[in-house]
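According to Swiss-Prot, the features are:
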BINDING   Thr104, Thr105, Phe132, Pro133, Ser134, Asp135, Asp213, His216, Tyr238, Trp267, Thr295  pyridoxal 5'-phosphate binding site
MOD_RES   Lys239  N6-(pyridoxal phosphate)lysine
Amino acid sequence: MYTEPFQPTYEYALECDKHDELKDFQTEFYKKEGTIYLDGNSLGLLSKRAEKSLLTLLDSWKEYGIDGWTEGEHPWFFLSEKLGELTAPLIGALPEETIVTGSTTTNIHQVIATFYEPKGIRTKILADELTFPSDIYALQSQIRLKGLDPDEHLVRVKSRDGRTLSEDDIIHAMTDDIALILLPSVLYRSGQVLDMKRLTAEAHKRGIHIGFDLCHSIGSIPHHFKEWDVDFAIWCNYKYLNAGPGGVAGLYVNKKHCNRLPGLSGWFSSRKDKQFDMEHTLTAADHAGAYQIGTPHVLSTAPLIGSLEIFKEAGIERLREKSLHITSYMLNLIAHELSDFEFTIGNPLEDEKRGGHIYLEHAEAARICKALKADGVIPDFRAPNGVRLAPVALYNTYEEVWKSVQILKKIMKDEEYKQFENKREVVA
């Protein structure tokens, strides 16, 4: 990593790239000529290894037919568990605590159905007002399924500034009527990293189970679940982990809970040696595999095989080191080049509180995102006024960051954004 003090010059960006320990991984990814892709926090790029593993599993289907469940390089019957083992180091968990299955939202339904047991005065779920909408929809659904009113039984911690959450406020909300807590590890707009260790310890002091949505942290920051004693977690694999659109998601359950009957059981909840006995009494697996429901989506899982190989080689600590350095570099460039254009930095500046993306606020954010795309820079827009820019450690360069800020400066200086409507597209 380049340690010389920040300079806003193009030459400085090139020096940073020259000293980048991860630069060899850039050739692993398909990057479109003439485009700077800064949306890996929404959908990661395709790697050559992910492509290869997808084609390998297609070949297994072609070669083996039904026998692909137990034959070939990656037998499908054991694939979810195998990928759970490969994912476990990224969250600091044991292999048996981790499974690749379902989608983020179905996995939220699974963990809430399993851990939400309203009794006595403990009937409420604690979340926050800045979390991703799908999490809230799932929590509301699960509360209704218990015959309760979400307006009364779903507590959302308020934000003091509309961007971030105070951990003190979250802890203050851990009252005697809270039965369960689900929070984001990293806020999807501002990129704030919550202190999962502290929040877990405070929840457990009060006898409350706590879990986290890792969609914006897994593959970007290290986690230490074995040390932190988190109860459960869910995540998608198509952002920083580059598993592709609709890629199968992930689920973690602390080993101390792996004897719990899944709230949502299905055929693949079974112990492997019992599954084809076809009994009507479930013999659940004694590991995170019990929290699977139906048949694995094999072809939607396949790209993750190749992608996780890359993460094993790169190492999550090195990825975090570069991510912090390149996002800090981008923030410095923005401060130097864009101070005249009414942007507000919406993400935390402190390293320990900043995730993998930059969050800029501007009244013309939707228009600005369209102008960036027209000029070959791929950001994403988040209502009401946010521009997210994610320089991903595996495949983005400092040169790309420098160029993207210069392009943004030109868009603002020449008012290029005014040719676009200030409203989002169908998919922002």
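Backbone N, Cα and C atoms are what each Cβ position is placed from, and that goes for glycine too.
What you are looking at is a predicted structure, and each value in this text was computed from that prediction instead of being measured.
Straight-line distance linking the Cα atoms of the residue listed as 'N6-(pyridoxal phosphate)lysine' and Phe132 (pyridoxal 5'-phosphate binding site), rounded to a whole number, equals 15 Å. In terms of local Cβ density within 10 Å, Thr104 ranks first among the binding-site residues Thr104, Ser134, Thr295.
Taking each of the binding-site residues Phe132, Tyr238 in turn and counting other Cβ atoms within 10 Å of its Cβ gives the largest count for Tyr238. According to its DSSP assignment, Ser134 (pyridoxal 5'-phosphate binding site) is helical. Among Thr104, Thr105, Phe132, Pro133, Ser134, Asp135, Asp213, His216, Tyr238, Trp267, Thr295, the residues given in the record as binding pyridoxal 5'-phosphate, the maximal Cα to Cα distance rounds to 30 Å. Taking a C-beta cut-off of under 8 Å and a sequence gap of six or more, Asp213 (pyridoxal 5'-phosphate binding site) has these contacts in its own chain: Thr104, Ile108, Thr131, Phe132, Asp135, Leu182, Leu183, Pro184, Ser185, Ala233, Ile234, Trp235. In the three-state DSSP scheme, Thr104 (pyridoxal 5'-phosphate binding site) falls into the helix class. Under the DSSP three-state reduction, Tyr238 (pyridoxal 5'-phosphate binding site) is assigned to coil, being neither helix nor strand.
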